[in-house]
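The following features are taken from TrEMBL:
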- 671-694: region 'Disordered' (REGION)
- 46-64: transmembrane segment (TRANSMEM)
- 76-95: transmembrane segment (TRANSMEM)
- 107-127: transmembrane segment (TRANSMEM)
- 148-168: transmembrane segment (TRANSMEM)
- 188-207: transmembrane segment (TRANSMEM)
- 267-285: transmembrane segment (TRANSMEM)
- 314-335: transmembrane segment (TRANSMEM)
- 347-367: transmembrane segment (TRANSMEM)
- 608-630: transmembrane segment (TRANSMEM)
- 637-661: transmembrane segment (TRANSMEM)
């Protein structure tokens, strides 16, 4: 096919399906932890980053297995089977009915989920260093152009899989499913990636007879590790002053390893030394899937169509696809025309600085979100909200002599805060009637007092609101209060709130799709009335009073117990833009720089070192999330921004002392020396042969 081996099409399709599977699962993982497993945000963040760290530690294991034992084909095959099993186990673990639908008995769900994630990390990490290299093995030496095109197609399939899955799986997650109770559909959100991984495995196996399978050649990482280990051991054994010093500590390996390997190892270690500060960048970068997703749950995702919080991650791959060609074809040439020496290490330094700015932007957004959060009562405090359900204005006096509040008909007050020990009663005056409501058994927290004037008396009801935070699943909550003088059954869509006595209040219930309209129906002894609801938005809480029925139409009044999310998700775009700019300057340039400064046969060592920096970066996040005592999220963002800025300065200083080299020139010197040595050896052998004949 156009000079391409047919086998590479199976490899490209396999990579697309695998990346769809991985990124689709990873996109919804944080919300799965917080909403399904009901884990606290810090713990969910720590487990998420533990998983990501494991995904970037296992490639080293995969590379060693492939190069030293099984070969690339068998490594990809066996670990893909492990990967597929892991995705299936995770999908099964997310089924609510496994434990009878109880949120208090999630032990089996947690166990299966953790087993699934460990298997996925082994699978995705283990095959990561093998697939692209296996694709490269399919080409002959004279097919350089086709090989280059293959790698372009390969990375296009990665981006396509990432883009589509980050768009699709959050939509599947937001849908409703379940046998006994309807809730967010995690089995489907994890099941589709599991199916895609199974397809990836089948496609890879179908092409098996067409593949060129190179036998294991031995792993250069092990050789480098042995060389470094022997040098350290030998230096330690000869540490006394009687042994002469050597130019470089690695030269102590010269007794066992040839000069070429030692020189190559020196070049690699010079680059790896520059890697030391890099984990801090990844600690910031990989929080897109954890902290930034949790931030989006408290924001308004209405773009004319509803964007799910975990779908905002799609901004990064979209911007990458746009920005890489723009930066390469416009920005860098423009900098070059200005005669600025924008070296790879300077690009990486600027990338770190932009990453720090991205978290400053995230902190500013978080400050605005925090302003919209309700203030809940502290210890020893009580909050009371007043709702006047009658047609006559009222005045409420909090006793003893604390505060007096006027409440208009069909209106509410905000939550009023009092010291629990001081609040004894409240006195309601409406028209010519009055009533005293005694508050003897308040235990702190939030309460609503609903009252109504009805000619001969003032009816009232004190309701405990049982609300201590914004809804954890990001949806809105509604409850109903019956303002009819007789018992009424109330439904909204498919949700039945039950039969309510006069002035009785239902429990709060989730609005299944907060951006939909629902039919609210009140069924009374002799009639039934209905009306269409408003759109409730995300993150709010409402009390709806069913007031009266006119010509079959139900009249209702909305009371806002908690404001919905008002800060728009579009405000996250600047931080995503800055972080994507940082990624283009840091990540793309970093790998390019690394490969340009090391011998061609040492690229796998540098790739292992690079992936290790990603793993360490995620370990930094899980340590901070697990040990941090910072209460405000914006302050944690500022902490990460400050840490990355400090590391950026350290890296800039380290980079200023770095001298760029050309590995090919050094390699050429060794080649010439080897040829000269070989020639001398041949001459000596000829002389010896002549001597022996004489």
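The count begins at 1 with the first shown residue.
Glycine too: its Cβ is placed from the backbone N, Cα and C atoms.
TrEMBL: automatically predicted annotations, no manual curation.
These numbers come from a predicted model, not from an experiment.
Sequence-distant contacts of the transmembrane segment (46-64) (same chain, at least 6 residues past either end, Cβ-Cβ under 8 Å): 26, 29-30, 33, 39, 75, 79, 117-118, 120-122, 124-130, 219, 221-222, 286, 289-290, 604, 607-608, 611-612, 614-616, 618-619, 621-622, 625-626. Contact between the transmembrane segment (637-661) and the transmembrane segment (188-207) is not supported: fewer than 3 Cβ pairs lie under 8 Å, counting only residues 6 or more apart in sequence.
Listed stretches 76-95, 188-207, 267-285, 314-335, 347-367 were compared with the transmembrane segment (608-630); the greatest number of C-beta pairs under 8 angstroms is found for 267-285. Most Cβ pairs under 8 Å to the transmembrane segment (347-367), among the stretches 76-95, 188-207, 267-285, belong to 267-285.
Cβ atoms under 8 Å from those of the transmembrane segment (148-168) belong to residues 4, 8, 11-13, 15-24, 27, 132, 135-136, 138-139, 192-193, 196, 310-311, 313-314, 317-318, 320-321 of the same chain, restricted to positions at least 6 beyond its ends. Below 8 A, the CB atoms of the transmembrane segment (107-127) and the transmembrane segment (76-95) form 3+ pairs separated by six or more positions in the chain.
Here the transmembrane segment (76-95) has long-range neighbours at 18, 21, 25, 32, 36, 62, 66, 70, 108-113, 115-124, 126-127, 130-131, 134, 186-187, 189-191, 193-194, 197-198, 200-201, 204-205, 208, meaning same-chain residues at least 6 beyond its ends whose C-beta is under 8 angstroms from one of its own.
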